[in-house]
Amino acid sequence: MTSFYSTSSCPLGCTMAPGARNVFVSPIDVGCQPVAEANAASMCLLANVAHANRVRVGSTPLGRPSLCLPPTSHTACPLPGTCHIPGNIGICGAYGKNTLNGHEKETMKFLNDRLANYLEKVRQLEQENAELETTLLERSKCHESTVCPDYQSYFRTIEELQQKILCSKAENARLIVQIDNAKLAADDFRIKLESERSLHQLVEADKCGTQKLLDDATLAKADLEAQQESLKEEQLSLKSNHEQEVKILRSQLGEKFRIELDIEPTIDLNRVLGEMRAQYEAMVETNHQDVEQWFQAQSEGISLQAMSCSEELQCCQSEILELRCTVNALEVERQAQHTLKDCLQNSLCEAEDRYGTELAQMQSLISNLEEQLSEIRADLERQNQEYQVLLDVKARLENEIATYRNLLESEDCKLPCNPCSTPASCTSCPSCGPVTGGSPSGHGASMGR
């Protein structure tokens, strides 16, 4: 793209404003007007148009020149007093008479090349836009793939570990229950041992009491036997004394007196003693039987009382054991329920933490995706604006091309000769005057539009 700024002044007094871009459009020979029309117009049409409308002719709205002329278009007009306009510009005044040089085809070719370059530029930008969209889609997919990696294996590992932890907790709970059951069984056996010890002590006490009674009975029997022996000895002593007394009396009396008395026969002492002995033996036997019966009755009563007490004690102990077992079972169940409650609370806390973390990750991912979406929308809006700008540029360039073509066609009809072919024919180019059907400013306005 080639353009330059010109601040040279025209001999007629019109000065190009600094910054006004003088773009040479076509390599058409300058047609200088006759000397009589030199005071009417001496300025180039395109320069007047650019200077009057303050429009950068041939430039894009982006501030870049869109016209690149061949080197032949930069040769100055050899006529003295001209506006320093290149000599191959085909329009030098508004009153030319169908005069065109031999560069018309080159100019049209240049304009066509310019249009082709612009269309190529548009196609290139569209292709770049499509490539950018493809790149954005790929990057969004890659970003999704990087932002959302596959955590399924980790999740499976975590689930397996959680299952193992739950199994371990259940095994621990089962072992705790077994330990509690063993403790309860040990307590039961300890209670049974204590009850057996108490029963053994009771039996030992009963045995001691019975042994004491038996000893008392044995002592009573020994006393009775001693009394019996003493009575027997007394009987024997009495008998021996009686016999001795009888012998003494017989010895004292001798045979002096023989007195016969008609008396009843004497009582048989042996028989009497035998009867007494039998009576005493019967009494001893009766007393012994009575003592034995009393001892048996007392023993049976005490044993029955002990048995009833032991039965009542066993019933109470069995009830106590049942109640203790029930209490222990309820305590174990309560502990198991507490353990289950703690496990469920821990699982709930872990699930809440895990889902809270996942929710935070999802929210961060959503925020990232929303930011990316906003960036993509901003990029799309920017590209759409650039595309609209390019479409506007395209429309303006097409309008410029149409304007240039109309100008070329009108000047082709208006310039009949080339008075600038010889240096001596004219000394200066007349100023551009009014033309039928419009002015250069009007053309500039149409170009600006």
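All residue numbers here begin at 1 and follow the chain in the order shown.
Quick reminder: no glycine exception, Cβ is built from N, Cα and C everywhere.
When averaged over the domain 'IF rod' (104-415), pLDDT in the model lands at 84. Annotated domain 'IF rod' per Swiss-Prot: 104-415, in sequence order.
The region 'Head' annotation in Swiss-Prot covers 1-104.
According to Swiss-Prot, the feature region 'Coil 1A' maps to 105-139.
The region 'Linker 1' annotation in Swiss-Prot covers 140-150.
Summarising the annotation, Swiss-Prot assigns region 'Coil 1B' to 151-251.
According to Swiss-Prot, the feature region 'Linker 12' maps to 252-267.
When DSSP labels each residue, the region 'Coil 2' (268-411) comes out as 143 helix, 0 strand, 1 coil, counted as helix, strand and coil in that order. The region 'Coil 2' feature in Swiss-Prot is assigned to 268-411.
Feature annotation from Swiss-Prot assigns region 'Tail' to 416-449.
The Cβ of ASP353 (site 'Stutter') lies under 8 Å from the Cβ of no residue that is in the same chain and 6 or more residues away along the sequence. Annotation source Swiss-Prot lists site 'Stutter' at ASP353.
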- Mind tallying the region 'Coil 1B' (151-251) by DSSP state, helix then strand then coil? 100 helix, 0 strand, 1 coil
